[in-house]
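In Swiss-Prot this protein carries:
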TRANSMEM  25-45  transmembrane segment
TRANSMEM  66-86  transmembrane segment
TRANSMEM  106-126  transmembrane segment
TRANSMEM  162-182  transmembrane segment
TRANSMEM  201-221  transmembrane segment
TRANSMEM  234-254  transmembrane segment
MOD_RES   Ser269  phosphoserine
MOD_RES   Ser273  phosphoserine
COMPBIAS  275-295  compositional bias 'Basic and acidic residues'
TRANSMEM  514-534  transmembrane segment
REGION    553-560  region 'A'
TRANSMEM  561-581  transmembrane segment
TRANSMEM  602-622  transmembrane segment
TRANSMEM  652-672  transmembrane segment
Amino acid sequence: MESTVATITSTLAAVTASAPPKYDNLWMLILGFIIAFVLAFSVGANDVANSFGTAVGSGVVTLKQACILASIFETVGSALLGAKVSETIRNGLIDVELYNETQDLLMAGSVSAMFGSAVWQLVASFLKLPISGTHCIVGATIGFSLVANGQKGVKWSELIKIVMSWFVSPLLSGIMSGILFFLVRAFILRKADPVPNGLRALPIFYACTIGINLFSIMYTGAPLLGFDKLPLWGTILISVGCAVFCALIVWFFVCPRMKRKIEREVKSSPSESPLMEKKSNLKEDHEETKMAPGDVEHRNPVSEVVCATGPLRAVVEERTVSFKLGDLEEAPERERLPMDLKEETSIDSTINGAVQLPNGNLVQFSQTVSNQINSSGHYQYHTVHKDSGLYKELLHKLHLAKVGDCMGDSGDKPLRRNNSYTSYTMAICGMPLDSFRAKEGEQKGDEMETLTWPNADTKKRIRMDSYTSYCNAVSDLHSESEMDMSVKAEMGLGDRKGSSGSLEEWYDQDKPEVSLLFQFLQILTACFGSFAHGGNDVSNAIGPLVALYLVYKQEASTKAATPIWLLLYGGVGICMGLWVWGRRVIQTMGKDLTPITPSSGFSIELASALTVVIASNIGLPISTTHCKVGSVVSVGWLRSKKAVDWRLFRNIFMAWFVTVPISGVISAAIMAVFKYIILPV
């Protein structure tokens, strides 16, 4: 399918090679440069999410880090691999022989095609819908051809292949991703100790990642790198050789180091440990005191984090902040104390504590115990999922903090809450449920879900879902007045009503050691994908512009070299689109469709790349965007049958369906203006 993208470029260059220069069409060249940059911007805002959407969603990289990496690899890929857009493509969408005597009309058609493709991709990015840039330019090309020469200029067989790709791409990629993730889950994730099997499989994973992506890049035949001169057997031999060499390096050097790192950072740290604590006696700095539940009724312990300087080190009660990861497991009641976080606008406690995170944010703690624990020993605590974006920061760093490491005052802001982390922040900080209800629960009505838990018949679990359902809050039943406390579920509880039992029905989380194993693998696959994307999809934006420029400079021929600066021009436009608007589609790919973990993200990336390589070589119509969406949905359904947002997937599929006609209509309208108004003059 990628070869189809360069149709306009190569065919326009070929049919105008012998034509006299059209210096009076300088205005059209300038207009083409402007529209091509807008088109590159739209490609960056939409298509780049294919590469780093899942990496951002799993939390292995931040959005800023993803933009930096994507900018580097997209630009380098466009310069090194994008030169293939000047090659001759014999099987195109339109019959260019019809334009032998009307080069002006074909140039106008190129401008129209770029305009139609850019407009629809920008609209799709605004709607946060990932679509195929290839299909956009194809639809726009058909649109201007229909206006210029009617149906006789269109090769409808190519359009049939596009329709087939709507179903072949997501289905084939989804099957392959599902098989890979099933194997990973069966042999690694579901083991009591996943580290041994994970370390054994690590060289295989790295070898497959390097081999598949190298073959994909070299098989494109980039002239600048000399890949066009490599025979098929040479490409296979180089790819396999590099894969084996990488596997040996990983087995002898990476695996031992990874094992030590896991033992040091994960296994040496208990899954539940105090994040901050204050000793009851300054002379016993290394002793941990416990607070009996019965004492709570007679005392009002208030926690405070102070600087470790003489006069400020007051003797206060111990306070343990307990974050339980994963599903509910019973623990001694004395280890779990009620927590409450006052709202940012109403922090009026005389004693407040603030824990400063490594990123500069502050978590404001304020504890109010009265009326929270009654004689029956009821308590409130929260469950935090391990695939959340702040998990490693909160567990692996804060639990090592010592008294006096950070200091806060009553004016400190709580940890910033936005659309993605509102409920997550509330859960980890212990915000009372009624505070959340007062703000948001009354907009659409409150919903509460009662889950059946063994040995806990009297407990009600109240789920606080962000749009991506990162976490839930757990609260015991205190009194009749609290029974009406419920939380608005932003992710549609209607699709999940009637569920009961373990949260594993919804999510299949990665253990910390598993996350460490797959983190760099997912980053590596994303970087390879971004590099290949820069080479392939730069032709969507710059292909028609290259042809216009070569025709204007009288250098168009079947063997004309593509100027590198034009490819870099397109790469810059793609990067700008990513930085300005890319987060919208990245959120859809990495968060909104289904929650992503490092293991599932790696399965999605690797299987998608393998699908594109295989399907392209055997002649099946394929689209990178459709493959990635199909993999995300397939793996998400395997991880949890109710975690996929099927309504969003339906909207994405409808966007695929209308991409070709909408971009074609826009292009046809612009072409009509050129043909009947501008060019006749």
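Placement of Cβ uses the backbone N, Cα and C atoms for every residue, glycine included.
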- Message: Within this structure, do the transmembrane segment (25-45) and the transmembrane segment (561-581) have 3 or more Cβ pairs under 8 angstroms, counting pairs 6 or more apart in sequence?
- Response: yes
- Are the transmembrane segment (652-672) and the transmembrane segment (201-221) near each other by the rule of at least 3 C-beta pairs under 8 angstroms (pairs 6 or more apart)? no
- Sequence-remote partners of the transmembrane segment (602-622) [C-beta within less than 8 Å, at least six residues beyond its ends]: 1-2, 54-55, 161-162, 164-165, 168-169, 172-173, 176-177, 179-181, 184, 205, 208-209, 212-213, 215-216, 219, 518, 521-522, 525-526, 528-529, 532, 596, 628, 631-632, 635
- Query: Sequence-remote contacts (6 or more beyond its ends) of the transmembrane segment (652-672), Cβ cut-off under 8 Å?
  - Reply: 108-109, 111-113, 115-117, 119-120, 124, 127, 129-132, 135-144, 146-148, 159, 162, 166, 588, 626, 629
- Query: Against which stretches of its own chain does the transmembrane segment (234-254) lie, if we need a Cβ under 8 Å and a gap of at least six residues from its ends?
  - Reply: 202-204, 206-208, 210-212, 214-215, 218-219, 227
- Task: Take every residue in the region 'A' (553-560), average their pLDDT values, and give the whole-number result.
- Result: 54
